[in-house]
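Engineer: If you scroll down you'll find the structure; I have some questions about it.
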Amino acid sequence: MRLCTAGRLKQLQGGLVNKAIEIKKLGQLEVLKASVPYTQDPTRLFHTICENKTDSLLLESAEIDSKQNLKSLLIVDSAVRIVCYGHTVSFHALTENGKNLLTHVNQNVRGEVASQFDGETLTLEFIQPCDTIDEDSRLREASSFDALRLVQHSFDLSSQDKHAIFLGGLFAYDLVANFEPLGDAVATNQCPDYVFYVAETLLVVDHQTESCQLQATLFVDGSQKAALESRIEDIRAQCTSPKRLPDATQVANITAQPSVPDQDFCQIVRDLKEFVVKGDIFQVVPSRRFTLPCPSPLAAYKELKQSNPSPYMFYMQDELFTLFGASPESALKYETDTNQIEIYPIAGTRRRGKRPNGEIDFDLDSRIELELRSDKKENAEHMMLVDLARNDVARISQAGTRHVADLLKVDRYSHVMHLVSRVVGQLRDDLDALHAYQACMNMGTLTGAPKIRAMQLIRDVEGARRGSYGGAVGYLTGEGTLDTCIVIRSAYVENGIAQVQAGAGVVFDSDPQAEADETRGKAQAVISAIQAAHSQPANKE
């Protein structure tokens, strides 16, 4: 039988499971709730309530086929910012409520983990996992993932809302380098290995029922209750009349500059094919960056949402960067209620069939789909990644529960169509969603197979950290649910400059120019959205 949340907490309290956490006492929570007027456009809510405030996050979902909005989750205020660099994790209290949270969770850190706490910042130092022990044992070693578990498990959730503890944020692609020997790489931006926010005020917008609920979580005691009640009234008032987005800063003749020109990228593809011929790998996914001005990222995100609605859409406003995107692909999903773990591999891409005026030519589009489904190379590449997903899911699932729920479907987006599949299983009783993510990172569609060797080759040819690209953005709840998407079809923005990164799967019979073209095709939806947003007024309905 599956361990419920309380069962997991008992194990942690007894010190039987976790080497970094010892629950000495469960803290108390109080969740304050209020209904607010429904708004169809969450970007207007974000602009109205958050504007330029950092440590805020908007997560949105849409139905794949109809493109209808489903739900939007907005972290308005964060109590704590959790940031990981290498094996060092720092918790920064952003409010008095956040200080109360840190004071409590600090009591539950095991003595074996080096820690320092000054009342506002808690720093944990983890050690490099031993690479001589087996994979299962490595999952149980103390690691930077335990910093997130510390918040998850330090409070009594027995009678609380599922979002009472809500952590939203980003796992960078390079987080895996803390666990696997990938080699050195330079940084092209300031992206940490991960950054998560513990929500203090959370806005939940249900587009199906056209309802909107605001909640605030009071940690440990009631000392900040009056302040939170006042903040709720503040936000409610702002939600009654959401402001239109201001006009985006106009930029003339925006062009995207590739980090690697076509000729050089083609040579990278040829070089990597040699490793396929030698049998080192079956597939590898090199990428390149396209940079362009993006002084108004929220306007660009709104344009991207309208032009390329996707199952996962996100806008993250950190103190170091802004990240936005419309991703077609789930990274890893775990639902506590069903105990199901899920990976959604996407591989096999074609441009949409369009007329010269840009409208979809449905007859041409259908013929392109047929050609995609019939392409032996694309099918072989896709099935290779389905097998990789099957292996990943099998390692963390109960015996006999892993299966392929969907195989070789076609999902359509504004500029491209993809072959997609879905692999599911029942998570083992001795693991949680973070164990599952650690075991599976990074997703095979952004690495190749075998995964570790492919990631090493990617480091060799790219020479730089990928940062957010190929990582995962999403949320984790106190009761254990994890929902993340792969950070693709996205823009990472620092100092008004966007980095749009895209890759292509290289196999034995890859055509170098076709792979270079594929990176442009995948990046185009985001590039076009940035260009469109900065060449016209943003405040359209």
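Heads up, the Cβ atoms here are built off N, Cα and C, so glycines get one too.
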Engineer: Swiss-Prot has Gly348, Thr349, Arg489, Gly503, Ala504, Gly505 down as binding chorismate; which of Tyr334, Tyr469, Tyr475 does it also list for that site?
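Structural biologist: According to Swiss-Prot, the candidate sharing the chorismate site with Gly348, Thr349, Arg489, Gly503, Ala504, Gly505 is Tyr469.
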Engineer: Would you identify which residue of Ser35, Ser56, Ser61 Swiss-Prot lists as part of the L-tryptophan site it also attributes to Pro311, Tyr312, Met313?
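Structural biologist: Matched candidate out of Ser35, Ser56, Ser61, per Swiss-Prot for L-tryptophan with Pro311, Tyr312, Met313: Ser61.
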Engineer: Please identify, among the binding-site residues Gly348, Arg489, Gly505, Glu518, the one with the smallest Cα-Cα distance to Ser61 (L-tryptophan binding site).
Structural biologist: Arg489
Engineer: With Cβ-Cβ distance below 8 Å and at least 6 positions apart along the chain, what are the contacts of Tyr469 (chorismate binding site)? List them in sequence order.
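Structural biologist: Tyr173, Ser287, Arg289, Leu446, Val487, Ile488, Ser490, Tyr492, Gln499, Gln501 - these are the non-local Cβ neighbours of Tyr469 (chorismate binding site), listed in sequence order.
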Engineer: Taking the center of the Cβ atoms of Ser61, Pro311, Tyr312, Met313 at the recorded L-tryptophan site, which other residues in this chain have a Cβ no more than 8 Å from that point?
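Structural biologist: So the extra residues in range turn out to be Leu59, Glu60, Ala62, Leu70, Ser310, Phe314, Ala326, Ser327, Cys485.
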Engineer: Select the closest residue to Ala504 (chorismate binding site) from the following binding-site residues, measuring between CA atoms: Pro311, Tyr312, Met313, Glu381, Glu518.
Structural biologist: Glu518
Engineer: Find the shortest Cα-Cα separation between Gly505 (chorismate binding site) and the binding-site residues Pro311, Tyr312, Glu381, and name the residue that gives it.
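Structural biologist: Going through Pro311, Tyr312, Glu381 one by one, the Cα closest to that of Gly505 (chorismate binding site) is Glu381.
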Engineer: Does Arg489 (chorismate binding site) have same-chain partners at least 6 apart in sequence with Cβ under 8 Å from its own Cβ, and which are they?
Structural biologist: Leu304, Asn308, Ser310, Gly325, Ala326, Ser327, Pro328, Tyr413, Lys522, Ala525, Val526
